[in-house]
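One structure is given here, and the rest of the page talks about it.
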Amino acid sequence: MPDLRWKAYGVAALIFALDRFTKWLVETNVSVMDTYHVIPGFFDIVHSENRGVAFGILNDSTSEWRTTILVVLAGAAVIFIAAMLWNAQRLDRASFWGLSLILGGAAGNVFDRAMFGKVTDFLDLYYRDYHWHTFNVADSAIVVGSCLLLIDLLRPKRQAANVS
C-alpha cells in the first residue's frame, strides 16, 4: 500500500493543479459574469464567484464567520481523506480513484476559499430552460470521486473460497 499512497497523493496533486490552472485562466481572461459560448445551447464558460458551498448555498450569507467555518470544515475533510488514504491497508480500484479525486478537488476548493474568500466557478451546462449550477474542475472531481466510492460500496464483494 505505501506505493499507492504516493500515487493517490500524486493524482490529488494533479487535480489540484489542473483546478487551480483552469481557475487562473478564467480569472485572468474572463470578467466576472462574462459569458463565452463554447457549444451554443449546451455549454458556456461563465466567470462566477461562489462565496458559499455547492449550488450556491450560503452564497448570500452575511455572516463574518462564513468563510472561516467553511475553511475549517472543508480543511478537516481534506485531512480526514488524506489520513484515510495514508492508513488504508487495502483499497479497491474504485475507492483508490474516488478518494484521490475527492482529495484533489476538496483541496482545490479549500485553497481558494482560504486564500481568496471565494471559489471561482466557470463551467456552465444547460439545455433550453434547464440550467445546472455553474461549477469548476474541483467540483467535477469531487462528484466523479463520490460516484466511484458509491459504485465500490454498492458493488458485490468477492467472497473468499471456502476451503473446508
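Along the chain as shown, residues are numbered 1 onward.
Cβ atoms here come from the backbone N, Cα and C positions, even for glycine.
Secondary structure at ASP121 (active site), taken from DSSP and collapsed to helix, strand or coil, is strand. Its Cβ taken as reference, ASP121 (active site) is surrounded by 21 other Cβ atoms within 10 Å in the chains shown. Per Swiss-Prot, active site is recorded for ASP121 (among others), and the stated evidence type is sequence analysis.
Per Swiss-Prot, the feature active site maps to ASP139 (among others); the stated evidence is sequence analysis.
Taken from Swiss-Prot, the feature transmembrane segment applies to 68-88 (among others).
Positions annotated as transmembrane segment by Swiss-Prot, on the basis of sequence analysis: 96-116 (among others).
If you look up Swiss-Prot, you'll see 134-154 (among others) marked as transmembrane segment, on the strength of sequence analysis.
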Distance from ASP121 (active site) back to ASP139 (active site), taken between C-alpha atoms, in Å: 9
Remote residues contacting the transmembrane segment (134-154) - C-beta distance under 8 A, at least 6 residues beyond either end: 15-16, 18-19, 22-23, 46, 48, 50, 54, 92, 94-95, 97-109, 119-124
